[in-house]
């Protein structure tokens with residue numbers, strides 16, 4: 001068989017060499033010859049910036065305590081200088097201060113003149129006699145109010161008593177026979193109604209509970225109506241049958257319907273076949 005180590009007979013071909021791909025670390029990249037990314041682009045030589053620009057950049061990159069991310073100055077810093085106020089604001093503030101000072105001076109001048117009439121009421125108050133007893137005066141003022149309240153309460157109680165007596169008398173004297181006996185009432189009213197019905201009608205209390213719709217009582221709607229057949233049977237029993245097919249009632253009643261037809265037939269001769 002063969003040996004353990006196999007050696008190729010043909011020499012290996014060298015890798016293809018491309019001048020664009022020679023600078024790329026990984027030649028398997030699809031964009032090997034296209035310089036797109038900053039990694040692939042060679043750094044161009046840049047001139048050194050002056051020292052003034054470096055200082056300005058450092059000042060701009062100073063951490064802003066108001067920024068949520070330190071090292072990034074996003075909001076502009078407020079310039080706080082000695083002359084930050086507008087000249088118009090200064091003028092207005094000065095005018096306002098002068099007006100306030102003038103008003104204070106005028107008030108201080110007018111205060112001694114106005115002091116005399118303020119003291120005059122004090123002398124008039126001293127002339128008035130003091131109240132002898134403040135508690136007694138308060139009680140005197142409260143007495144008429146309490147008396148009026150008591151009078152109103154008494155009148156209200158009397159009116160309520162009158163209304164209650166009137167309702168009791170009207171409930172005892174008034175009788176309502178048209179009211180349905182099954183309607184709910186108090187026990188006293190039920191007993192009084194049953195007693196009066198027993199005396200007047202002479203029936204037992206159970207008969208009061210029977211209405212028109214109860215099965216125990218017969219009304220005109222529930223009664224039996226006489227039928228035509230029953231009337232004919234009665235007529236046959238009471239009447240006398242004649243030979244011509246018509247009958248006359250025993251009491252000499254009226255002729256039946258067949259009578260008219262028989263009268264018409266009497267004018268013509270009977271045909272015998």
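Using N, Cα and C of the backbone, Cβ positions are placed for all residues, glycine too.
These figures come from a predicted structure and were not determined experimentally.
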Phosphoserine per Swiss-Prot (candidates: 111, 214): 214
Residues of the compositional bias 'Acidic residues' (94-105) by DSSP state, where helix covers H, G and I: 12 helix, 0 strand, 0 coil
